[in-house]
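Chemist: Sharing the record's features from TrEMBL:
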DOMAIN    15-229  domain 'Cytidylate kinase'
BINDING   19, 20, 21, 22, 23, 24, 25, 26, 27  ATP binding site
REGION    163-205  region 'Disordered'
Ligand SMILES: Nc1ncnc2c1ncn2[C@@H]1O[C@H](COP(=O)(O)OP(=O)(O)O)[C@@H](O)[C@H]1O
Ligand SMILES: Nc1ccn([C@H]2C[C@H](O)[C@@H](COP(=O)(O)OP(=O)(O)O)O2)c(=O)n1
């Protein structure tokens, strides 16, 4: 069995969520996973973790060949409990450091390197397969989950929100007054993540689009958790 198709599996569901920065992927995914008793995987944290490791090792991240050469060196471990997700590299907790401006400014360049994506997509598929085999399933969020990592997921969602709403949420979260600068940084990353040649952020026709502008987080979690509960009944029935 693989993350491409789930024939012959147990009853675990796979929920795939993509969308741009600040659309609510992480908070919605965690809330839904908690509500539905599923694991939670933040794939953006994996791209951030590998970027952080490269920067700390003084790898020139503007050189795709240099990045590709080191791609298999860091050991990345993802804790998938939605109440307390963790990320560590070579047994060191890096959860706080991977959110720094330093990493945020470079993560799109590192994520565009095909070897980085090959490695992390393989890691992600193994984690998904394990969650489907041995548990209730998993909510996975990122930029290429509905398109590349798990195109046959049971639930596929594309979260959006207006650029202004996303920038304002990020500013509130980071307690920065400068919403304009936050919005400019977010638009730059949107552009890089949507125009790269390998697995760009794209919305597929079979993903349900949810525009979260004007809805509270609690409302969005309710809608998605209801959808997951409905789909789950079918998954249980056919397994
Ligand atoms: N529907 C919503 N309404 C208001 N704020 C939200 C909503 N969804 C998420 N947020 C807040 O916006 C911020 C960014 O959300 P996050 O889940 O990190 O987005 P993403 O993972 O897509 O970048 C967080 O502080 C979160 O609590
Ligand atoms: N599946 C994924 C997840 C993230 N990425 C890249 C692109 C994003 O700008 C970075 C960081 O992702 P993350 O989800 O942490 O970003 P934000 O929460 O939106 O700030 O990683 C990716 O290329 N593919």
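Cβ coordinates come from backbone N, Cα and C, glycine included.
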Chemist: Determine which residues of the same chain, besides 19, 20, 21, 22, 23, 24, 25, 26, 27, have their CB within 8 A of the center of the CB atoms at the recorded ATP site, and list them by sequence.
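Modeler: Near the ATP site, the remaining chain residues are 28, 141, 159, 161, 166.
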Chemist: Helix, strand or coil at residue 23 (ATP binding site), per DSSP?
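Modeler: Going by the DSSP assignment, residue 23 (ATP binding site) belongs to neither helix nor strand, so it counts as coil.
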Chemist: Out of 19, 21, 27, which binding-site residues lie by ligand 2, with a C-beta less than 6 Å from some atom of it?
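Modeler: 21, by Cβ distance under 6 Å.
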Chemist: Far apart in sequence but close in space: which same-chain residues, 6 or more away, have a Cβ under 8 Å from residue 27 (ATP binding site)?
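Modeler: Listed in sequence order, they are 217.
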Chemist: DSSP-wise, what's the residue breakdown of the region 'Disordered' (163-205) into helix, strand and coil?
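Modeler: DSSP classes over the region 'Disordered' (163-205) add up to 29 helix, 0 strand, 14 coil.
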Chemist: Ten-angstrom check, please: count other Cβ atoms within 10 Å of the Cβ of residue 25 (ATP binding site), all chains counted.
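Modeler: There are 26 such Cβ atoms around residue 25 (ATP binding site).
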Chemist: Near residue 23 (ATP binding site), how many other Cβ atoms are within 10 Å of its Cβ?
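Modeler: Around residue 23 (ATP binding site), other Cβ atoms within 10 Å: 25.
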Chemist: In the structure shown, which of the binding-site residues 19, 21 has the fewest Cβ neighbours within 10 Å?
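Modeler: Result for the binding-site residues 19, 21: minimum number of other Cβ atoms within 10 Å at 21.
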